[in-house]
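Per TrEMBL, the features are:
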TRANSMEM  12-33  transmembrane segment
TRANSMEM  45-67  transmembrane segment
TRANSMEM  175-193  transmembrane segment
TRANSMEM  213-233  transmembrane segment
TRANSMEM  240-261  transmembrane segment
TRANSMEM  267-288  transmembrane segment
TRANSMEM  300-321  transmembrane segment
Amino acid sequence: MGAVQDYKQMMLLRFLLGVFEAGFAPGCTFYLSSWYKKYELTSRFAWLYTSVAVAGALSGLLAGVITEYMDDVVSMRPEYRPCVEDFADLVCNCEGWNSRLEVASHPGRTSQCCGGDRRLFILSDFPTSARSKFLTDEERILACNRLALEGIGLTQGAHESIGEWKAFKMTCADWRTWCLCLLFTLGTGSQTIQYFLPSLVKSFGWSGTTAQYYTIPANAFAVVCILSCCFLADRMKNIWPVLAGLSGFGFILFVATTAATDGMTRYGLAIFAFGSIYGCSPLVKTWITHVLGYPAEKRDIAIALINAIGNGSSIYGSFLWPGYDSPRFLIGFGTTTAWMGMLSVG
């Protein structure tokens, strides 16, 4: 993407990137659900999901360093930030955009090339498979029995395969699928605030490199929320009270953030509100495997379907924070407040 020369090339490559990335999160969820019991899964998935918040914190640090030490390139300067209206011109005419993508992509390419090859040999198959690495026959039987006793469908051997099309129809016909889809959509739609965090910090009274660095605490607190809430849900063996409490807490914080006028007060409240959003998503995502755990084909389709529809909220959610609504951003904060309130009672 760092080599693109026009807007069409950028959009095409971004679309292809999304196509190849789309199966990662639901695939990881299904894989982990095929190994861990219901109330072991959420805490394990939490460690994976913290990578999103950690990446956000590191991107704030990286953006601050880039804007501070690469201000000789026009698009890197703190006072210049691309917006939706000038994005096409920025891609076509500014070498700084290409430079930013090159800087951001080098660590990712290196880790993916090195880590991806190793995972091919290290990652074990499902416990029902004889190809499962590092497990004896007795250990594989134990792993399968642990799941079967909790009503979690195994990937093979425990029941007759129902086929993908039948599993799809079973998933669509189950009303619980659409309830979980609504909850996940509310959480994911609220999470679009992450894309505009630097703009929000700027509206609170900071600018330039300082605004980039001030996004780090919000992402750091999100890591704390993800781990603490997911571990609490597993310990309580009940996801719903934790999800309702966390989203209700977020609702109150967003009401306070929307009503406040002092920049520092809004910033402090927004940090805690931001963390509450991040804690909700892994709770809903792993709740799918609790409710729709059997058979395995249905669980697989449900995870993928709910993820696909839920992440579609990022399309319209990105229009909730227009620049003309600054500095209060009442549209974005008001909508997110409503979504968190609905999630808390859903």
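Cβ coordinates are placed from backbone N, Cα and C, and glycine is handled just like the others.
Across 12-33, 175-193, 267-288, 300-321, the stretch most heavily in contact with the transmembrane segment (45-67), judged by Cβ pairs under 8 Å, is 267-288. If one looks beyond the transmembrane segment (12-33) by at least 6 residues along the same chain, the residues whose Cβ comes under 8 Å of a Cβ in the stretch are 1, 4, 41, 44-45, 48, 126, 152, 285-286, 288-289, 293, 299-300, 303-304, 307-308. Of the candidate ranges 175-193, 213-233, 240-261, 213-233 contributes the most Cβ pairs within a distance under 8 Å of the transmembrane segment (267-288). Between the transmembrane segment (300-321) and the transmembrane segment (213-233) there are fewer than 3 Cβ pairs closer than 8 Å, counting only residues 6 or more apart in sequence, so the two stretches are not in contact.
Using a Cβ-Cβ cut-off under 8 Å and counting only residues 6 or more beyond its ends in the same chain, the transmembrane segment (213-233) has close neighbours at 39, 42-43, 45-47, 49-50, 53-54, 56-57, 60-61, 64, 197-198, 201, 204, 206, 239, 242-243, 246, 267, 270-272, 274-279, 282-283, 286.
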